[in-house]
Amino acid sequence: MFNQRVVKREGHQGDQAVVPEVVRRSRYPCRLTMYGDAPDVEVSIEEFETFALDRLQVLRAIEDAQLRAKGEDDMRKRISEALEKHMPSHTNRSKLLPRQLVGERRKDHVSHFILRLAFSRTEELRGWFLRYECALLKHRFQNADLAEKQELLSSAQLRLAHLSPADRDAKLGSASGFYAAQEQLFEVDFERVLDLVGRSQVVLRAGRAFVPQSEVAALLIHEFRHSLTQALAVCAKALPQMGEDERLLPLLQNLSNQTARSEYQSTGAAGAVTAESVPGLSDSFPLCMQHLHSQLARDRHLRHGGRMQLGLFLKGIGLGLQDALVFWRRAFSAMTDDQFQKGYAYNIRHNYGMEGKRADYTPYSCHRVIMSNPPGPGDHHGCPFRHFSAERLRAALHKDSLPDAEVREVADLAQAGHYQVACTRHLELRLHHRRQQTQQQPDADIRLSAVTSPNQYFDLCLGCTKPTHASATDTTTAAAILSGAPKSTTAIY
């Protein structure tokens, strides 16, 4: 990116005064950007994956913060902590060396375009990426200094019509008092500031909104959302052309499949699981696996999607191959041994890496369960929080003896599209009621970070896992919940 002479000079400890000028002459003069130009740089495969995963961690932290934070200040704190950990971005006035500043901005720029490509595959993925990229830009803009804000607004070319004092009185009349007397106003189409309209923070006249300078960030986010929506549509059309690229396409697919979470490694909380012990453990299953297990017991059969989802989950909690064969043979009691051996035993052995290409298949993540093909008639796989009707979901939640208010809380989260958060809240409520029954801190609320795997849910529900945490102040680990220990001061992002 830089020639050797420039890099050497940038690394000189006594050359701090030159830092701003060196950075301004680089590809990334400002840390705030609308990502208008695609990066024209070389990136290694290792950087490609690391950059993208770190950005995913930030976007998922924003998702968690929006749903979990106790007010605006707490949300900003959570997001800032995630950025500092995974994707720091310092101002030109910082004491970092120029190559460090440029390195941070290069990572930010490149990682955005990697995820833009990875998340362009489906409408749902595009919507998720768009929502949290907009939230990230808004957070950065709000925390930027005045010079950075002005530079970004200038580069964004927002086409703002300034309202003169005379026009202000003529167009607003008595409504002019809604704004501070000396506050600068801009007149725009109301569609550009729907967020402000929804919060009643602007005056509307004949389809036009009058936006104060203090709320100009809403206009910026609108323009960014519009341009990114168009760019994602272009990427979606270009993605099939990468079908023959064996280096990048698997990485892109993996990125969108896991949405910021590395594959969950089971803790073996249940110990040695046998065919006989599975029914007794089902009380700690997440709702998706409880549903599959109950349907298997009722119908004595599951279709392929359900067998894969439940079978790999059971493998993940510790059910070995021989016990898996016994479990499924007993479950499929309506068929003969010959039918079972010919139609199902091979697939079970295949899942354990004993047939075919002998791959050791891992349990499905929540994202894969949610995003895979939806269940059709006669199917029972999938995520109840996404695929059940509202009435059916409420009925399933009532089976856990949750009060009506808690059932509504969880169902509302699912209805709003926050499927993993709804599942996490379901787990929190189950653990809370379990603790009430054992008289362990019965009045304390329980807050966990979003569950990312049915197997993680199972381990947490058993209370025998000790996950790795990052700082926060409102969570309690499952181990502490069941042991009666004081609240942890940590949370997972």
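Glycine is treated like the rest: Cβ placed from N, Cα and C.
Given the structure is predicted, the values throughout are model-derived calculations rather than measurements.
Quick look at what TrEMBL annotates:
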type	residues	note
DOMAIN	283-458	domain 'DNA primase large subunit C-terminal'
BINDING	Cys288, Cys366, Cys383, Cys423	[4Fe-4S] cluster binding site
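In sequence order, Gln309, Val369, Gly382, Cys383, Pro384, Pro454 constitute the residues six or more apart from Cys288 ([4Fe-4S] cluster binding site) in its chain with CB-CB distances below 8 Å.
Around Cys423 ([4Fe-4S] cluster binding site), taking its Cβ as the centre, 28 other Cβ atoms fall within 10 Å, counting all chains. One way to see the shell of the [4Fe-4S] cluster site is to take the Cβ centroid of Cys288, Cys366, Cys383, Cys423; the remaining same-chain residues with a Cβ within 8 Å of it are Pro286, Leu287, Val369, Ile370, Pro384, Phe385, Arg386, Tyr419, Gln420, Val451, Pro454, Tyr457.
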